[in-house]
Amino acid sequence: MYRICKEFHFSASHQLAHLPEHHQCARLHGHNYVVAVELAAPELDANGFVRDYHDLAALKSYIDTRFDHRHLNDVLDGPSTAEALARHFFDYCAGQWPETVAVRVSETPRSWAEYRP
Ligand SMILES: Nc1nc2c(c(=O)[nH]1)N=C([C@H](O)[C@H](O)COP(=O)(O)OP(=O)(O)OP(=O)(O)O)CN2
Ligand SMILES: [Zn+2]
């Protein structure tokens, strides 16, 4: 199996207001998010690609339009956890590119959450 991965970056604020008051993430704060999309295929296409990285430009546009410099509580229906974001971006990517196998979201350089069905 061949695998490729491409990262996308955006900055946004959020507040996990369902957490206890003493939890730091219950306060309004922001992150420089990294979204890593992984695609896989058993065979390469005629260009020698799983898929051309350039095809993923639609995700950059989606992120820039809907997520970058937004307040995530206004964008997502439920809590804006890294897990929920990973699922959201997975659903978007799987709808665009059938080779999508996982999406990973980092809020900090030391943590990530992944959705991989
Ligand atoms: N499983 C999850 N746990 C937490 C999430 C999450 O999305 N999934 N989110 C948060 C907060 O958004 C918080 O802002 C990030 O927490 P944390 O990684 O602890 O941030 P720090 O900057 O404090 O990280 P350090 O590495 O400890 O400096 C909380 N938990
Ligand atoms: Zn946070």
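Note that Cβ sites are derived from N, Cα and C of the backbone, with glycine treated the same way.
These numbers come from a predicted model, not from an experiment.
What TrEMBL records for HIS14, HIS29, HIS31 is Zn(2+) binding site. Sequence-distant contacts of HIS29 (Zn(2+) binding site), defined by Cβ-Cβ distance under 8 angstroms and a gap of at least six in the same chain, are SER13, HIS14, GLN15.
Counting Cβ atoms from all protein chains shown, CYS25 (active site, proton acceptor) has 17 others lying within 10 Å of its own Cβ. DSSP assigns CYS25 (active site, proton acceptor) to a helix. Here TrEMBL flags CYS25 as active site, proton acceptor.
Look at TrEMBL and you will find HIS69 (among others) tagged as active site, charge relay system. The Cβ of HIS69 (active site, charge relay system) has 10 neighbouring Cβ atoms from other residues within 10 Å, across all protein chains displayed.
Look at GLU107 (active site, charge relay system): DSSP puts it in coil. Look at TrEMBL and you will find GLU107 (among others) tagged as active site, charge relay system.
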With every protein chain in view, what's the tally of Cβ atoms within 10 Å of the Cβ of HIS31 (Zn(2+) binding site), excluding that atom itself?
18
8 Å Cβ shell about HIS14, HIS29, HIS31 centroid, Zn(2+) site members excluded:
ALA12, SER13, GLN15, CYS25, LEU28, GLY30, LEU72, SER80, GLU107
From active-site residues CYS25, HIS69, GLU107, the one whose Cα lies nearest HIS31 (Zn(2+) binding site):
GLU107
Using all protein chains in view, find how many other C-beta atoms are within 10 Å of the C-beta of GLU107 (active site, charge relay system).
21
If you draw a 10 Å sphere around the Cβ of HIS14 (Zn(2+) binding site), how many other Cβ atoms fall inside it, taking every protein chain shown into account?
23
